[in-house]
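To start, the structure under review is shown below, and the notes come after it.
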Amino acid sequence: MTTSLRETDLGRTRRARRIGRVLADTHPDAHCELDHSNALELAVATILSAQCTDKRVNEVTPKLFAHYRQAADYAGADRAELEELIRPTGFYRNKTDSLIKLGQGLVERHDGRVPGKLTDLVHLPGIGRKTANVILGNAFDVPGITVDTHFNRLVRRWRLTTETDPVKIEHAIGALYPKRDWTMLSHRIIFHGRRVCHARKPACGACTLTKLCPSYGTGPTEPAAAAKLLKGPRAQELAAAAGVDPELVPVGNVRAEAP
Ligand code: SF4
């Protein structure tokens, strides 16, 4: 599509809502990809996910969560032992620091519980606004928009906003969608960014959003070339949803990790 420079606010809102509906059909499996069973585990996993794939974090956390069950366990952690457990996620010294300080902050200020309010969360060590929104949306059912690198790239490719600051992006996109949709919308956008609309070579010719996206053509538009770029366990279904022959998706892509 070509979006006119004069697209009205109403036109943009309608296009945004259509994009949201197509994404819901395209990624029915969208969810938080960090394994967790409570708010503390999600907070810890989100800290570990900085500069690391969710898959790698999920390999590390079962043993970690078995050893560290409460905030007090992190507060009083043996640094060397904790470092060793989380080492595969990279930057393990800084992350160990963050986890110990988070545990201490939770024990000192919140009786060891993860609070369910944005203002409380962002004042905890190691928890920025993005992490806070992940926790609110996925552990407390409080709608939250998660502006990570994928979200940031996609909403700007779709020209839903020209903002570059994550907080401004969060507010601009939040205004286009009903609040109740924010958490799932974030998951779906991040799924699309990981599996279809990659940073360097987006799979434009095998994308379900071609008619709604002003950046169509940023990546290959030829179906065979585009299908090779689809990633993840549903890569063939993603091709079919875009009207592309699923057989064009290389088998290896189905197993490929979507970073
Ligand atoms: S058409 Fe291309 S740029 Fe637009 S969302 Fe799809 S993959 Fe991304």
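Cβ coordinates come from backbone N, Cα and C, glycine included.
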| task | Check TrEMBL: it lists C197, C204, C207 as binding [4Fe-4S] cluster. Then name which of C52, C213 it lists for that same site. | result | C213
| Reported in the order helix, strand, coil, what are the DSSP residue counts of the domain 'HhH-GPD' (48-195)? | 101 helix, 0 strand, 47 coil
| said: Need one number: mean pLDDT over the domain 'HhH-GPD' (48-195). | reply: 96
| remark: Across all protein chains shown, the binding-site residues C204, C207, C213 give the max Cβ-within-10 Å count at C207
